[in-house]
Each structure stands twice: as structure tokens, then as C-alpha cells.
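Colleague: Submitted below is the structure of interest, expressed as C-alpha cells.
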Amino acid sequence: MNLRLSCLLFILVTSLPAGRCSIGNKGISFETCTAIEGLCFFGCKLGWVWIAYCNNIMSCCRKDTDFVLPQTKGI
């Protein structure tokens with residue numbers, strides 16, 4: 001029972017719009033975050049800059065244009 005519950009929890013957590021999600025997504029747009037040209041994630045992606053909180057647990061991130069790392073050019 002505990003193993004099934006753990007697997008279900010793992011699948012639910014990995015399907016959330018996280019910055020390092022295995023499914024790949026473009027984030028969630030909240031009005032407060034899109035007003036400052038950002039997207040909401042559960043942690044910022046590589047090459048994105050943290051701006052503010054979207055709500056209690058999500059972070060508003062914006063793509064970094066000043067210090068672009070070579071690893072992030074393909075993202």
C-alpha cells in the first residue's frame with residue numbers, strides 16, 4: 001500500500017509545472033507575473049531569473065537576457 005501511494009505521489013509531483021519537469025512545459029501564466037513578462041514555475045529553470053512569488057508556493061521567473069549561459073541556449 002505504501003509503495004503504491006509513493007508511486008502515485010511521485011507521478012503527481014513530476015507532472016506539475018516545475019522548472020525541471022521531465023514532461024516539458026512552458027510554465028503557468030498568472031496575471032501578476034505576466035504583467036512583468038514572466039511565467040510561474042515551482043522553481044526557476046536554468047537560464048531564468050527569479051522575480052517574485054506568483055502565489056504561496058510558485059515562483060515568477062523571467063528569461064535571463066543579460067548573463068546567458070552557453071548551456072541554456074538550447075532551452
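Glycine residues also receive a Cβ, built from the backbone N, Cα and C atoms like all the rest.
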Colleague: So Cys40 is in a disulfide according to Swiss-Prot. Which of these is its partner: Cys44, Cys54?
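Modeller: So the cysteine that Swiss-Prot bonds to Cys40 would be Cys54.
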Colleague: If you follow Swiss-Prot, the disulfide involving Cys33 connects it to which of the following: Cys60, Cys61?
Modeller: Cys60
Colleague: With Cys44 as one half of a disulfide in Swiss-Prot, pick the other half from Cys21, Cys61.
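Modeller: Answer per the record: Cys61.
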Colleague: Measuring Cα to Cα, how many Å separate Cys54 (disulfide bond) from Cys44 (disulfide bond)?
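Modeller: With distance taken Cα to Cα, Cys44 (disulfide bond) is 12 Å from Cys54 (disulfide bond).
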Colleague: What does DSSP call Cys33 (disulfide bond) in the simple three-state scheme?
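Modeller: Cys33 (disulfide bond) sits in a helix per DSSP.
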Colleague: Do you know which of the disulfide-bonded residues Cys44, Cys54, Cys60 has the most other C-beta atoms within 10 angstroms of its C-beta?
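Modeller: In terms of Cβ crowding, the pick is Cys60.
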Colleague: Based on DSSP, name the secondary structure state of Cys61 (disulfide bond): helix, strand or coil.
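Modeller: Cys61 (disulfide bond) sits in a strand per DSSP.
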Colleague: Counting only residues 6+ apart in the same chain, whose Cβ is under 8 Å from the Cβ of Cys33 (disulfide bond)?
Modeller: Leu39, Cys40, Ile51, Ala52, Cys54, Cys60
